[in-house]
Amino acid sequence: MVLEESSVNFREAPSSISFSGSGFLATYELGVAQCFVNNAPWLLRKAPSILGASAGSLVAAAVACEIDLITMRNEMLNFARAMKAFTLGPFNPSVDILHWLKYILHKYLPSDAHLLVNGRLAVAVTRLDDGEYTVITEYRSKDDVVQALLCSCFVPGYCGMLPPSLNGVHYMDGGFSQMQPVLALPCRTLTVSPFSGETDICPRDKPCMLDMVVTGVTLKGNLANGLRFWNALYPLKPDTVEQAYHSGYKDAFHFLLSNELLPNMTMITLPQELESARCRRTKTPKLPETTPEEKEKEKEKEEEDDDEMGTTASSFFQGNQSMQMSTSAELQSPAAERPLSFDTAKNVLMGNMTMYGSMLGPSGFLTDLVLPMVLMLQTLVETKEIFWLLSQRTPAVAFWAWCSLRQFTIFFFSILFFTVTKNFKNRVLPIILKFVVTKQAQNEVPLKLSCPPRHKELSRPESVRFGGLRSKPPLRAL
C-alpha cells in the first residue's frame, strides 16, 4: 500500500475525530480506534469533539466513554455469526437489530455516560419530518445518550417501522443527511471511513474512473466499495467483519507512521500482520513475548467471553413473540436446558430439505421451485404478530412509512445527481473543452492561408499602382 501524505499536519493542534456511517463494518473503525489507544492515545484524549453517524456514532460513544473496544468488536462478531443462521439474515423479521443495540448500549454504557460525553460526543441524525441534518451534543441522562445513538442508527425497514425519538422529535439514520459529519472551519477534523475515498483513514484502492458522492462524501465507484457496502448491510461471511477490524488497525498504523505521529518507535503496538514486516525493516528489538502458559490462559478467557456473548446475541433471535430482554438467569442457563426454538428447527429443516433435494438429481429443480413458497409461508408465520401490531397502529405506521419513503427517494436521487455532476465536471468536461479548442485551432489555419492580409496591397508604391511609371498621376480633364 502506498503511503499518502496528508494535507493537514495533525501535530500542530488537537483535532476532532469523525467516524462515518459503516453498518457492520464499524469493526473497521473500532480497529482504527484501538490502534490509536495502543500507539497514540493522546489523539483520543485531546480530541475536542468525537463525531459519528449511523454505526460510527456507536464507535464514537465507545471512544468517548472509554469502553473496551475489543469487547464491542466481539459483540458485533457474535451478532453477525448468530444472524447468519437465519434466512435473509438481518432482513429476517425475527431479527430485531434496534432491540439488540438498545440492550448492548444499556449494558456497556456507564451510568454517568451523559456526564462523560456531554458537549464532546456529536451524534449526527436526520430529522424525519423534513430531512434536516442535526447534530446532538447535549445530554441530560444516560437514556438521552442511548436514544440519540438509536436515532442515528435507525434505518427504516431495516431496523423496524416505528422510528425512535428524542425529546419528542423522531429521527432516522444520520447517514441520510451527512455520512461523514465534520465540524465547521477552522476546526480540524480527522475523518475515518471503511469505504475507500477522500478521507484521512480508509482502505486505499487503486484509482478508478468513477467517483460516487454520498451526502457530501466522495467515494470510489469500484467493485471493492460495492462489496463493502453490501457487507455493511448484510455480511456475506462473519470473517469479513473480523477482517475489517484488522484492516482498520493496519490503515491507522500507516496513517500514524506517514504523519510522524508515533512518539517512540520502540513502544508501538502492532497487529500481527505488521509485526513481522516491521522486524524485517528495522532493527528495533521486539517487545517481550508472552509465555505459552499466558497464551493458554488468554485463549481460555476469550473462549469464555465468546460463549457468553454468543448466548447474549442468540437471545434476540427467538421470534417476535418472545423479543423481550432476557434475564441474567436465562442468559446463564446451559444450552442443553433451553428448549428448541422454532427458528432453530426451521433452519435445520430447511437446510436438510435443500440438501436432500440437491442429492436427488432432477428433483433438485422441483426443490428450487418450491423454496420461494416455503420462504413466503415462513415469513407469514413469523410476522403474524408484526401484522397484528401494524394493524393496531396503521395511521402512525402509514405516516412514518411515507416520511421514510420520501427521505429514501431524496437520498438516492441526491447520490445520482451529485455523482453525475462531479464526474461530468472532473472527467467529461475537460475532454469536451480540449476537443473544442483543438477544433478551433484546426479551423483557423485554412483561413490564414486563403485570405492574404490587406495591408500589403496598400503598402505598394504609387508608381506600381499607376502603370509602373515614376510619374505623377494623370490630371483630370477640365
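Here the Cβ of each residue, glycine as well, is placed from N, Cα and C on the backbone.
Residues or ranges marked as active site, nucleophile in TrEMBL: Ser54. The 10 Å shell around the Cβ of Ser54 (active site, nucleophile) contains 28 further Cβ atoms across the protein chains shown.
According to TrEMBL, the active site, proton acceptor annotation covers Asp173. The Cβ neighbour count for Asp173 (active site, proton acceptor), using a 10 Å radius and every protein chain shown, is 28.
Sequence annotations record features per position, and here TrEMBL assigns domain 'PNPLA' to 17-186. In the predicted model, residues of the domain 'PNPLA' (17-186) average a pLDDT of 91.
Residues or ranges marked as region 'Disordered' in TrEMBL: 279-314 (among others).
What TrEMBL lists as region 'Disordered' is 455-478 (among others).
Using DSSP to sort the residues of the motif 'GXSXG' (52-56) gives these counts of helix, strand and coil: 2 helix, 2 strand, 1 coil. As annotated by TrEMBL, motif 'GXSXG' applies to 52-56.
Feature annotation from TrEMBL assigns transmembrane segment to 397-420. Beyond the transmembrane segment (397-420), the same-chain residues lying 6 or more positions past its ends with a Cβ under 8 Å from any Cβ of the stretch are 126, 128-129, 131, 156-157, 161-163, 170, 172, 176, 211-215, 221, 390.
For the pair Ser54 (active site, nucleophile) and Asp173 (active site, proton acceptor), the C-alpha distance works out to 6 angstrom.
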